[in-house]
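Chemist: Pulled from TrEMBL, these are the listed features:
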| type | residues | note |
| --- | --- | --- |
| TRANSMEM | 65-87 | transmembrane segment |
| TRANSMEM | 99-118 | transmembrane segment |
| TRANSMEM | 130-151 | transmembrane segment |
| TRANSMEM | 238-257 | transmembrane segment |
| TRANSMEM | 269-285 | transmembrane segment |
| COILED | 301-332 | coiled coil |
| BINDING | His532, His571, Asp572, Asp683 | Zn(2+) 1 binding site |
| BINDING | Asp572 | Zn(2+) 2 binding site |
Amino acid sequence: MRDMKISRFTRISPSAVTLGDATRLKTTSETTIRYHPLTAHFVGQPKLEQLYMEKAAKEWSPRSFRIVCVFLLLYFMTISPNLYNLISPDQTVRDKSQTYFLFVFPAMMPIPILLWCSMLKRFKPYFHNIYAIIVTCWTISIIGGGMYSMLFEWKLYVQDDIMQLLNATNFLNSTEVYTIVHDEATWPYPTYTGTGRDILFDYMGRILLPAATMNINLLRMVLVSIFIPLLRIGAVQSAVVSLITTSAYTVVTIYVYPSTSNKYFNTNKVLVFCFPLLFAIIMLLQNRDMERMLRVEFLQMHDKEMEAETAKKQREAIAEENKNLKKELQKQHDYLDTPIDLESPVHKIIADLKALQEESHFTDAQSFRMAAIISALSRLDTNLFTPDILSQMSNTANEVDKDTKNWAISVLGKKEYSATSRLTNVAVLGTPENRSKSSSHSFGEIFAPLEHMPSLEDSLLTEIVLTVERDGWDTDVFSLETGGRPLFVIGIALFDKHNFYDEVKVDPVAMKNFLLCIDQGYIGNPYHNVFHAADVMNSVNYLISQLQFGHIQSMLTVHEFFAALVAAAIHDYKHPGKSNNFMIKARQRLAMQYHDKSVLENMHLAEAFLLTQENSSCDIWARMKDKPYRDMRKAIIEMVLATDLSLHLQLVGSLKSMIISDEKHDISNDPMVLMRVVVKCADIGHSAKSVKLHGLWSSLIVEEFFLQGDAERDANSEVSPFMDRWAENSAKNQIGFFEFIVLPFFDTVAQVVFQDGFKPIHMATKRNYALWKEAASRNMTSIAAIRDELFQDDNTIAETLAER
């Protein structure tokens, strides 16, 4: 083992850079904060100012909303008596009341809309502006209503009362006309001409009531100035509102207040001008001081949050250092702190050899030899110590005679499907003499449909083909019109579409009989049922013939494509809804029969092939030559056995070895790897389906797990992990499945087998994994709740992930 110098730092001896990063966040107490003298805003701290405004809007908006609603209710109660006047029998009263509401209501109409906007998330940043506009509208309304009420309505009320008094005392009832001339000393008002009653009413309406109105409305201005701080409106917005209202009030005072040289009236007029402005300034200063106090409290809370953030960063720095240290230790093959290592020993050997090859100075001969060693190791499978007899015997330069070669191949050769056999397969099909010699079946045999064979309309099959071509990988097999026979209908549609019958030598009627019996042989389990088989068959078809314009199909023969679809159809045939571990632990007969190795997978294969042997109507191999039959049987066996999860890491490891040894280009010459990967990818493909489909399939597999757990509990056996419905943790279950099975497999095949067209499927696994992580972060354990919350609509995914 070569020495590798570790130059990393740990928390025990941290690097200056690491600690600097962790403590770089400064609290506000460590930074000089200056406040604007008028607005109390943070000077030179735009981010801090934005953070404060966002927090203020979030905390104060509901409170301000309630206050405005209460004030609106009180204001409505105040003006409600005028509503009665709208139905008065006196036309004059009705007209006056309508005019009053024209002064009051137009300014109030925007307030409900503004309140509604203030509660919307997208308008939260405009909290201060919205409530400033609300205050302005309300001020205009109460001042306008007060002015009209005093100058017009109250004028009529007072005139009526005075008339009653004058009539009762018979005072000033004469019609004699008088003239009162303006005189600075005795009458500092305009000249009046008229009866005594007219002069009295004119003086009241033009002098007394306007002056009284402006003085009384000062209370309304005071009320507005008090109202502003209650809403927590910012200092700037408060100043703007005060400026608008006081300016408007000043203009109204100039217009309404009586023009006179009376010093008492003029003194009062100056006070009416100045009092609102002075009171507004006082309230603004008080509002500024309150704003500053609130900002100081905010800074204190912000300091604590920053300290917590600093502590969090330091913890993350420690975690990062530990992570980096573990990586260095892994490089030195120190596995003491690694709980689970998913890398195979051969993979580690290849990695070390690659590193040695890069770091050492070999001669050309030595480099060639090292490359050959790495290439050989990358092709290793389970037969680690078995010589490759088949490839050696196929070498024409080999001096072994023909009989010995045939004996060695038949006795010592591997029984798996190989690239060499596919070449022989093609040669046999092309030679009429070989067909007649090899055939053990009659070409003249006529197949009859089974008695219970459903009738299939051409239009239905066409619709199925169009649907799977349109929806592709995310086809919903539950929604297809298959009459409860999805595998049968989809299978016939696909086999007819690709027209395998002539080239593969399969009778169409036998194919229909076979698919119907296979369809009927699936048990009604929640997950491992005929719909799962149909989904896997459609997914295999998509990966081979549709993905990247049929890139995989171009690397397979027609027989291999046919074998892949058959393997997909039978891969869970007669599945009992229990796992291999259950069969072994319960000492089932199948486990005894297959020696605890790939128990269910062997059973699926045996039952499917026995069906073709024992029921001649379903014998799809009847017209096939012996050699092609044996080659396809080998391929189907390997594909179905590859679905055993106990062999999963072996398949992933062999694929990873291709990456590290740069042998990816050989994938086109290894059809069995392609077929195993395709069927395996389709078998666990629900993890890469659309969000809604993935949620549905996940709920089905979880329910099947629970049924096994119930059976184990009934048998007084230990309940398998994640199969106890009374201790459900579906999020944790699925996260483990993704981390140990799905993600390593899809990450690897995306590099080794598939091209860019596979990226949406690959990314779907990461998206669904992120959703399970989201469920775990919310402490969600129930599959029903998780599915309802996170796995219902693809359109919600971006928003859900954005919240993470």
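In case you wondered, yes, glycine gets a Cβ from its N, Cα and C as well.
Just so you know, TrEMBL annotations are computer predictions that nobody has curated.
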Chemist: What residue among the binding-site residues His532, His571 has the most other CB atoms lying within 10 A of its CB?
Modeler: His571
Chemist: Please list residues from the chain of Asp683 (Zn(2+) 1 binding site) whose Cβ is under 8 angstroms from its Cβ, counting only those at least six apart in sequence.
Modeler: Val536, His571, Thr643
Chemist: Given the Zn(2+) 1 site residues His532, His571, Asp572, Asp683, which other residues of that chain have a Cβ within 8 Å of the mean position of their Cβ atoms, reported in sequence order?
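Modeler: The surrounding set, listed in chain order, is His528, Ala533, Val536, Ala568, His575, Thr643.
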Chemist: Kindly assign His532 (Zn(2+) 1 binding site) to one of the three DSSP-derived states: helix, strand or coil.
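Modeler: In three-state terms, His532 (Zn(2+) 1 binding site) counts as helix.
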Chemist: Enter the number of other CB atoms within 10 angstroms of the CB of Asp572 (Zn(2+) 1 binding site).
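Modeler: A 10 Å sphere around the Cβ of Asp572 (Zn(2+) 1 binding site) contains 25 other Cβ atoms.
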Chemist: Name the secondary structure element type, per DSSP in three states, that contains His571 (Zn(2+) 1 binding site).
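Modeler: In three-state terms, His571 (Zn(2+) 1 binding site) counts as coil.
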